[in-house]
Amino acid sequence: MAAVQSGVGDGVEEKDIKTEPPTDGFGNNANDGRVLSSSPGSSAPAASGKPAAGGTPEDQQTLLAVLQFLKKNKLTESVEILRREAGLPEDAQDAKGADSSGSGGAAGSVDLEGGDASALLSRVTVSSSAAAQAPTKAAEDQPDVNVVLSAYSQQGDPALYEVYYSGLKRFIETVLDCHRAELSQVFYPLFVHMYLELVYNNHENEAKAFFEKFSGDQECYYEDDLRVLSSLTKKEHMRGNETLLDFRTSKFVLRISRDSYQLLKRHLQERQNNQIWNIIQEHLYIDIFDGMPRSKSQIDAMSGSLAGEAKREANKAKVYYGLLKEPEIELPLDDEDEEAENEEGKPKKKKPKKDSMGSKSKKQDPNAPSQNRIPLPELKDSDKLDKIMYMKEATKRIRLGTDNLPSICFYSFLNAYQGLTAVDFTDDSSLIAGGFADSTVRVWSVTPKKLRKVKSAADLNLIDKESDDVLERIMDEKTASESKILYGHSGPVYGISFSPDRNYLLSSSEDGTVRLWSLQTFTCLVGYKGHNYPVWDTQFSPYGYYFVSGGHDRVARLWATDHYQPLRMFSGHLADITCTRFHPNSNYVATGSSDRTIRLWDVLNGNCVRIFTGHKGPIHALAFSPNGKFLASGATDGRVLLWDIGHGLMVGELKGHADTVYSLRFSRDGELLASGSMDNTVRLWDAMKAFDDLETDDFTAATGHVHLQDNSQELLLGTYMTKSTPVIHLHFTRRNLLLAAGAYNP
Amino acid sequence: MADREERRFAEVSRDSVKLMAESAGVDLGDDVAALLAEDVCYRLREATQSSSQFMRHAKRRKLTVEDFNRALRWSNVEAICGYGAQDGLPFRSVKEGELFFVEDRDVNLVELALATNIPKGCAETMVRVNVSYLDGKGNLEPQGAVPTAVQSLSDDLLKYYQQITRAILGEDPHLMKVALLDLQSNSKIAALLPYFVYVISGVKSVSHDLEQLNRLLHMVKSLVQNPYLYLGSYVRSLVSSVMYCILEPLAASINPLNDHWTLRDYAALLLSHIFWTHGDLVSGLYHQILLSLQKVLSDPVRPLCSHYGAVVGLHALGWKAVERVLFPHLPAYWANLQAVLDDYSVSNAQVKADGHKVYGAILVAVERLLKMKALSLSQPAEGATNAQSGSVMGAMGYRVSSPGLSPPPEPLSEAALGIASHLQAGGAGCPWEEWTPVPLPAMYCELYSFFGDSLAVRFSTGPGFGSYPPCTPSQLSDTRKEPSGPASNPDTTRKMPQLTANLNISPRQDGSPRTDPPPPSLAATGSGRTLARSSSVQRSRSSSSRSGQRSTGLVFTAVEKPLEEELRAEVEELRRFFLQENPCVEEGRLGKLLEKALSVHHSDVNVLNAEADERRYDFTSSLYFVIATLTTMGKTWCIKDIMHESLFFDLENNVI
């Protein structure tokens, strides 16, 4: 889809994204984060790791090209910022600044760099004059693709491919059982690469035969990819195919024990099987570990992603998964609830603090990030009031458990013929919003309190600003209604999120924008443009102010509401980002993707700190446990996987749903996990038990090898049918009542 | 997604490409066309694949044209217009050319523009909440009922519908039971309701087949009892089907061997059940039903079985309906009925038998009317009787006013008609719209004039009871009776002409020619004298004198009072508790049920146990069933007692 790139440059980030394919998909995300940290609101540390020498020469060239572009367009301020951020010396810039991009005869010293820069620019500007300057690359519309594909150009005898492959197959089938499972992992990447080589070298018939013969051997969870592959039989088609590009640009990661690897290596060298050896060398990344080979089930649990498993190093970074300290808020004595009962009032005052914050209010959680790791907005008075409300509610919370399941209320969207695509509740469950395929966003009040707009400016002038009930007076009673419709998007609204203070609403749409709406005036405040492709999901930080969005362009962006450009860009996913979630401490962001991986990003520096593989289909639901330790994810394969964030391990697999899991939510105290699916059911799982049974010894933590017991049935506490209504959102109220929502499909 | 069969993808043939090119005026070589065709196929697949993600994110299962167009648009290809309609496109083929095409009908814009039937806009999108699962258990009510939407059936529902209707109308009685049971408890059949209602409306076409009619009625019952179904306006349709069974001269009733009477009884029961449980869904339903029953009743051309149906229908709707409709019509109707009954010719035998049925039904209805009327009259006096309530209280829940304090019957001694100042019309023939309540004595007098002694069993009349024959001597074949009225009362009551319902007597018992002693009466009646207990048969045989009864009563009262009072208090406590817990149960009905159950129990029919086993039979319906069956059936003349019992069980089994 993204094959044809729009000719008109769309700004800085566009270029950055598109230059990323030539570099390693894993390596460059931090880089991107740094580049984009130029936004004013971002915290300083981002730039610190990036002195001029930080990147490779290519990086620098890219930067120079960007600078040049900016300069040409008279964006002097941006030039300044970028140069400061990137640490580029002034003189280097000046030296090149003399010759503008179009000039043919450049000074000899900068000739090489200048050529590259204009090659880059040629993709942005329409000027074709640069073609002469950069003969090889500029001629192609997408030079990077060519570079990638040319790796296939080595010619082998097409007829021998089958022989090689079946030779290896025979070998692996004869090795000891303990090694066989591990070595079988190489089949799929080998198969794909060999097939692509055949296609690339125009051996269409051989490729087809090869595919016919061996595609049946591959694991069933690769079926979707194989289907894409099978339709591809021409070299020309390879150019625009994103899946393939992903396959090429990223090395397929395998985890193999040292013994098995030696076995394979010896075999290939004995046989002089260079064809296969080359592929393994070039396109595969084999993560060798010492110890027992893994079993088939262990391997199957972790594999399935587009680019194999995560490297072990990828999950080594320390993650501060603890919760932030709650601000001390004096809970005022209740005047309504406990009149004149001071003796009783006191214990009540203490209790909620204990309940809601636990020991964290006393001392810092060792796993928590420091309070000011990322700047968080100040608490307003209204926020404090809301916190107090929250604590009060929390004291009335029902403790859920295996023998005390929550009541479920279902919010059915009736007559939603236009197509309901997203739903969100406010934290206090007073409002519900729906995003629709007809580009509208609708907000309903689910309490008797109607939705009212603020009066117009003229009317606001008339009211008495000193009066006590000024907040009430500014509301226009005439506009009171049960629901409001927000118009502004020009495509289906796929993601929707309320701000924690209930003043704003975010919506992301197919039109490539994220919009911020005011729930005071019910108008659009900002349209955040940056994703140039459909934005699949967006979510507010639990502390407000920040929000994250992710979409078809494979990049998740972190925004602040008062900046029209993103603060961070998280890139690294190999396919669409389908869902985004903030960690409860707001320091991390989790993204799920169609590449069947989940990544956890550090908001502070934009690094990818966790990669979770194991899903066999695009991920459509994510949920952090309230204590921040665990993550649950649901995918189109109907499975829910549980992850330990601290150790970076898969800790559970919940099987039961028959269709895509679209919603996941932990109960307020984290005892239960509720999952809602396309199969018209809500299922409740015993999260306590799932996490309790966990033994994370050092070995598992070090190797990342998990033994998952198949105890889905024990953990499943209940299955609740709806009436032909897919469950697309779940929400636990502050008192642990489960709310589910979906559109009734007659 | 493409199917995974042999041909994985749709393919565009080389010839198609050539044809297209030709139509565009380009001549393509074979190899060029082949290449193009292949490329087109690939692009199509690519677009399809990328369109699927739009479907996934829209949380749908169905790939729409819109999704495909979005995929095209994002790959900078023009979208294809004209296929956005939601309804399926008819895909046609032409045999000769092996050509497939989408039918494109001409649309007459002028017609469309000038059309007067402007299509309705779709309803507003809204959010409705309901508690689906309380504490993780059970559906409280159906979720997301969309009353107006005409739903197309999913495959599962369709299958369910076919299986259920087949099972119910089929031969296997066991299967039918299972199907009915499921229909009664399935929470997911809201979408099928219209279809079931339609099936039920088929009663009109199977009026020759009693069995089928019966099954359809059972189906109605199951639907009505299903707590997850919101019947809404379908109540009307159901009622009309049931009314058909009650009132119409069914084809099946031509053959006297067919027991269409039972069917009518059952339908009447069902009618009252629907009415009491769902009557509030349709406004004016009650009046409509009454009107149609009245119409049938007042139509002499209708066969007797229709009249019978009208009477049992009224009876089932409650004594008020009887009072409003049947009672005013009785004088007019009586003449007709009498004519039938008096005709002893052989040719008339069948009709006469029918006539007796009607007679019986009327008798049952008016007896209940009188009883309930008396009860309702005595109720207001309750407050005043506090002092005596302990002794006056009937163990079965009937509070019968203490005779001495009961105000309404005062003027009875003066005249039968028009005594009370508020009484304006005798009631005969007066249309129920301007219906005025007829005082009980007047009513009684009038009814007595029709039924004579058959009716007298209901009440004892004081010695001064006007022009009417003195109270028939009570049957006093037993001394076990415990006339528990206050010992001080008899004197006052004797002087006071009065009318008090003796509520502990069931019609069945009365009607039964049984000679074994009736059960001990637990009801406290005002005095022994009011315990008139006789039947048309027994009356003649009764020999004891009233005074004798009274004295024995007194003796017994004196002897057994402490124990009895204790027992009574206990039972009363139980009863009150039960009523509190089951607010839907009317006090009067409960009493009636228990009374019946007890009396049946004494005939060695263990009703209570049978009920306990019958879980599927919910309380209200069983209540109705027992009451109405017994009251209706019990009084029909010709049925002998033994037969009656077996019938009771037959019915019981039928209903399941």
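Glycine is treated like the rest: Cβ placed from N, Cα and C.
Feature annotation from TrEMBL assigns region 'Disordered' to A:1-59 (among others).
Annotation source TrEMBL lists region 'Disordered' at A:86-109 (among others).
Per TrEMBL, domain 'TFIID subunit TAF5 NTD2' is recorded for A:156-284.
Feature annotation from TrEMBL assigns region 'Disordered' to A:331-378 (among others).
The compositional bias 'Acidic residues' feature in TrEMBL is assigned to A:331-342.
Per TrEMBL, the feature repeat 'WD' maps to A:413-454 (among others). The average pLDDT computed over the repeat 'WD' (A:413-454) stands at 90.
Residues annotated as repeat 'WD' in TrEMBL: A:486-521 (among others). Sequence-distant contacts of the repeat 'WD' (A:486-521) (same chain, at least 6 residues past either end, Cβ-Cβ under 8 Å): 380, 382-383, 386, 419, 421-428, 430-431, 433-443, 451, 453-454, 527-540, 542-544, 547, 549, 551, 559, 561, 580.
Assigned with DSSP, the residues of the repeat 'WD' (A:528-569) fall into helix, strand and coil as follows: 0 helix, 22 strand, 20 coil. Residues annotated as repeat 'WD' in TrEMBL: A:528-569 (among others).
As a summary of secondary structure, the repeat 'WD' (A:570-611) carries 0 helix, 24 strand, 18 coil according to DSSP. The annotation repeat 'WD' is assigned in TrEMBL to A:570-611 (among others).
Within its own chain, the repeat 'WD' (A:612-645) is flanked in space by residues 221, 224, 301-305, 308-310, 319, 321-323, 575-576, 578-585, 590-594, 596-600, 651-670, 673, 675, 677, 679, 685, 687, 690-691, 694, 696, which lie at least six positions past its ends and keep a Cβ under 8 Å from the stretch. Here TrEMBL flags A:612-645 (among others) as repeat 'WD'.
Note on the repeat 'WD' (A:654-686): residues 394, 397, 399-402, 405-406, 408, 617, 620-627, 632-636, 638-642, 710, 712-732, 734-736, 738, 740, 742 of its chain, located 6 or more positions outside it, place their CB under 8 angstroms from a CB of the stretch. As annotated by TrEMBL, repeat 'WD' applies to A:654-686 (among others).
DSSP states for the repeat 'WD' (A:413-454), grouped as helix (H, G, I), strand (E, B) and coil, give 0 helix, 23 strand, 19 coil. Counting residues per DSSP class in helix, strand and coil order gives 0 helix, 19 strand, 14 coil for the repeat 'WD' (A:654-686).
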